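See structure below.
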Amino acid sequence: MMTMTPRDLMRAQYVTRWQIVPTTRSQSVAQHSWAVAMLAMNLWCRRTGGQPGEAATDVELGKIAVMALWHDAPEVFTGDINTPTKIFLNASNALDELENTAGDGYLESMDGGPIRTCVKIADFLEAMYWLMEHGDGHYANNQLHGLNERFHQYLNEHAPLWRDSAVALWKELSDVNAETTTFQRVNYLKANDA
């Protein structure tokens, strides 16, 4: 079995996503995978009530991070694979054959169960967020709408126990009036730097 080399993995930072969807900026597979990992860990804590720093939670968060970082690794060989192409390739088992060449690390990280469900939901959330923030034009809006429909269909059919946590996270992400805490933290640090 072939395995991915470190040089193969480093190519993820150069493989761009959204080839057929107009966006206002580019995104690499590496950026996408990192964002999916962050969202999946947040979603896991929301769903389970766990907190980072708790031993059991940290073990699960580690597994989630690994799966999220690996989930699109085969795209270092193929480039970004858009959804219509994935549907076509899945029908012919070509994606399974490609994934089998990625090596044991990739295959082990893709085991099923609740962690895979969590990462799949985070993958949807990250893509919807990216299109909401950076999608450009009518076609991008149509893609966002279709992605949102597939997201809710996935929750209803495959992840009903995750629905409330996933929808709440999407509402938070899609709130255009929401603020980050960056400047609050800077001001706090300034005020307490004595």
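Just so you know, glycine gets a Cβ as well, placed from its N, Cα and C.
Straight from Swiss-Prot, the features:
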type    : residues                    : note
BINDING : Arg17                       : dATP binding site
BINDING : His32, His71, Asp72, Asp123 : Co(2+) 1 binding site
BINDING : Glu75, Asp80                : Co(2+) 2 binding site
- [ ] Give me the Cα-Cα distance between Asp123 (Co(2+) 1 binding site) and the residue listed as 'dATP binding site', rounded to a whole Å.
- [x] 13
Task: Near-site residues: Co(2+) 1, ref His32, His71, Asp72, Asp123, CB cutoff 8 A to centroid - done: Val29, Ser33, Val36, Ala68, Val119, Glu126
TODO: With H, G and I counted as helix, E and B as strand and the rest as coil, say where DSSP puts Asp72 (Co(2+) 1 binding site).
DONE: coil
Task: Nonlocal residues around Glu75 (Co(2+) 2 binding site), in sequence order (Cβ under 8 Å, 6 or more apart) - done: Ala12, Val15, Val29, Ile81
- [ ] Could you say whether, by DSSP, Asp123 (Co(2+) 1 binding site) belongs to a helix, a strand or a coil region?
- [x] helix
Open item on the list: If I restrict to non-local contacts, at least six residues apart, and a C-beta distance under 8 angstroms, what lies near Asp80 (Co(2+) 2 binding site) in its own chain?
Closed with: Val15, Thr16, Arg17, Trp18, Gln19, Val29
